[in-house]
């Protein structure tokens, strides 16, 4: 009993320490891109994907923190209509949009950077700027559909549990949620597997293209600057490949009821799942010279103000 009661506050503390810095990083990303949008009156395809990705991750972390904090701070929230259902809706929507937009970003980099002579691939490279808005729209619509399905299942299952157990047995209601939400877990799993397959395929294609181009430059004795740039790009893609793979493993583990019963395993899953949106967004910022320069300038200004005080 002591392990169960101590796990909740510990998990909430870990999530808080990771979610709020992640929200700050993604809020910075969104603000910088919005300011650039206002100044230039337009955004390129890469900036559109990053803007939507930053918004999705910010709200995902926000609603995830609310979802995890309510059982501790407000344990009877399941009985307040429609609080729980709306939280499930928004968390499902932003979680799936985060995964799908991440997949779109990887596909975009693959199409833009990789060099294949296939006619279809060349067509995609030429039409990238027209395809990206449709990809983002499709990602949002599919995430919205999953969110609506999750909301409907939450309404139906919560109503059944409440009628069968009564409001006096809240622990029984919360204990049955994981079992009765198998449909949501299946939908989540399908979305995770699909986005993971897209990301892994794009990353492998891009790594193969970069490796082939690197070998050609070695044979032609190209300058070291080009070689260093390609090696740096390969390391960046490989690191994202590893991070996304680990994230996918913990996502699947978080859907397995038996894993949730093991507090340490569940806590380890939470540590990585809530760290990934902030850490990866920070990597994206430092991989973009304009965003990196703006962040360094912002941090230096904050430091100067602190020193003045």
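Yeah, the Cβs are placed from backbone N, Cα and C, and that goes for glycine too.
What TrEMBL says about this one:
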- 12-38: transmembrane segment (TRANSMEM)
- 50-74: transmembrane segment (TRANSMEM)
- 86-111: transmembrane segment (TRANSMEM)
- 131-151: transmembrane segment (TRANSMEM)
- 185-211: transmembrane segment (TRANSMEM)
- 237-258: transmembrane segment (TRANSMEM)
- 264-287: transmembrane segment (TRANSMEM)
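Counting Cβ pairs under 8 Å to the transmembrane segment (264-287), the top-ranked stretch among 12-38, 86-111, 185-211 is 12-38. Counting same-chain residues at least six beyond the ends of the transmembrane segment (131-151), those with a Cβ under 8 angstroms from any Cβ of the stretch are 45, 48-49, 52, 85-86, 88-90, 92-97, 100-101, 103-104, 107-108, 124, 183-184, 187-188, 191.
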